[in-house]
Structures are given as C-alpha cells and as structure tokens.
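First the structure, in the form of structure tokens, and then the observations on it.
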Amino acid sequence: MHFHFSKMHGLGNDFMVVDCITQNVFFSQDLIRRLADRHTGVGFDQLLVVEAPYDPETDFHYRIFNADGSEVEQCGNGARCFARFVRLKGLTNRYSISVSTKKGKMILDVEDDGEVTVNMGVPEFEPNKIPFKAKQKEKTYIMRAGDKTLFCGAVSMGNPHVVTVVDDVDTAEVETLGPLLESHERFPERVNAGFMQVVNRNHIRLRVYERGAGETQACGSGACGAVAVGILQGLLDENVKVSLPGGDLRISWQGPGKPLFMTGPATHVFDGQLSC
C-alpha cells in the first residue's frame, strides 16, 4: 500500500493527515500504532483521515485515531488542521467547511489570517451523555484518584473530559493523576483529563492528559471543556484565553444551550509518502 500524507500540528499537538478520498488507504490498529511511533514511524499524537461525506449536507467526513490505534469522536486541534489540509490539497475552496464526525457535525471557518474558528457544538453536561457515572448532574463532583480526593467538572465536547482546578499547572501531578483519571471506573469510555489554573476570569493555563495519547502540547477539545466547566462553575467569563504548553487558543461560550467556539492556528509542517 502506497499513499501520500501531510504532517501538521495545532500548537504542538501533532497529526498525520491522510486524504482517503483520492487514495485507497486502510489503517489497521496495528499500522496506526507503528506509524505513530516517534522512533521508528512518522510520529504523531493523532491520525486524521479525510473521507467523502457520509451526509449530503456536509462537505467531508472527519475521522480521528489516537496513537494507540483507538478511534475517537473529537479532536479540536485536529479540526483546525483538517480545514487547512482540505484547502491546501485542493479538495475544497470554501472558507466555511461542514464536516461530520463519529458523534455529530462541525463547522470549520478559515479566517483571513490563516487561523481557524471551529464551532465545537453545545457542551453536554448530562452524565449519561458524557458518559460519566453519577446519580445526577452537578457542577462539581467529588472523585477519588489513588490517594487523592479531587473536585472535578465533567463535560462532553463530542468526547469526554474531566476538569480539575489546580493552584499551579507547573506543579500539578499530571503524570500520576492523568492516567488514573483517564481509566477511572466512572468513565466507561475512558476520559481526557484536564488540569486548569485560573489566572483571571478571562485567562486560564491548562495541561491535558489525553486518553490514548498521554499528555500533549495542546488539546483543543480539552481547552473547550475546561472553559465550559469554568464558566458553569462561575469562575470564568464568556471570552477566555487558554494557555497550553504549545501556545494559546481563544474560546468563546455564552453559556448552557449555546454552541462553543474555538479559534487558533493550524500549521503545515511537511508532506511525505509511505509504502507499507
């Protein structure tokens, strides 16, 4: 099997992006794991696959696979790179691009400065829709992780997120608490774990331990989930700068029942081809 690909990143969250409209490519879980290896493969956090639309009202279907080969529902940084990729490769000349995903639809708007704004949809806080095991919906849940008691928010941005407020992200126990939360029994589909430091009502610092990928330089849906939880808990206003290890995103949300918007860069690194 021979195919062309692009390497891209959104604030250091890096991707292998493949056009599966003009190329016939099949990715097994084993192949994805081998390609994701940073020593012997291409190396990436996620594989993004561009497919022809499943829905006639959309332009493309957008699939996301983690480095461990598991398919996931959402990737915000990937969505921005997806929009840049389909324009760079001449698959569309539109500036507003509609895509379907494993869990819904998204609108990707390419701005004049090259940044991309993504309508991430309406944040979902109902426990059974996250999914998260809880008796009822709460703004804050008490959870045990190892020997720690944590006060967390839970939300779905098309994929599940748990968010914990910390005093300082630099000293947060991401390496130990991240894996414990990712595989916590209360999240039957596993979860992305965010650790949020509130700088002020319009600025947070964030680190995210992504399910199936570990800690990444940036997580777009994680940034969205953190802001949604922060606004719901009364900690943040509706326009927030999110500072991640890889750089900054801008998030805007007017509150429950409203769609959330994320704006940030998408960078093309190089093109390549593989035979495997």
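The backbone N, Cα and C atoms fix where each Cβ goes, and this holds for glycine too.
Remember, it's a predicted structure, so these values are computed and weren't measured experimentally.
Residues ASN13, GLN46, ASN66, GLY76, ASN77, ASN159, GLU210, ARG211, GLY220, SER221 are given by Swiss-Prot as substrate binders; from ASN128, ASN192, ASN239, that same site also lists ASN192.
The separation of CYS219 (active site, proton acceptor) from ASN66 (substrate binding site), Cα to Cα, is 13 Å.
For ASN13 (substrate binding site), the nearest of the recorded positions CYS75, CYS219, PHE270 in terms of C-alpha separation is CYS219. DSSP assigns ASN66 (substrate binding site) to a strand.
Distance between Cα atoms for PHE270 (site 'Important for dimerization') and CYS75 (active site, proton donor): 21 Å, as a whole number. Same-chain residues with CB within 8 A of the center of the ASN13, GLN46, ASN66, GLY76, ASN77, ASN159, ASN192, GLU210, ARG211, GLY220, SER221 CB atoms, the substrate site residues themselves not counted, are ASP45, ILE64, VAL72, GLN74, CYS75, GLY78, VAL208, ALA213, THR216, CYS219, GLY222.
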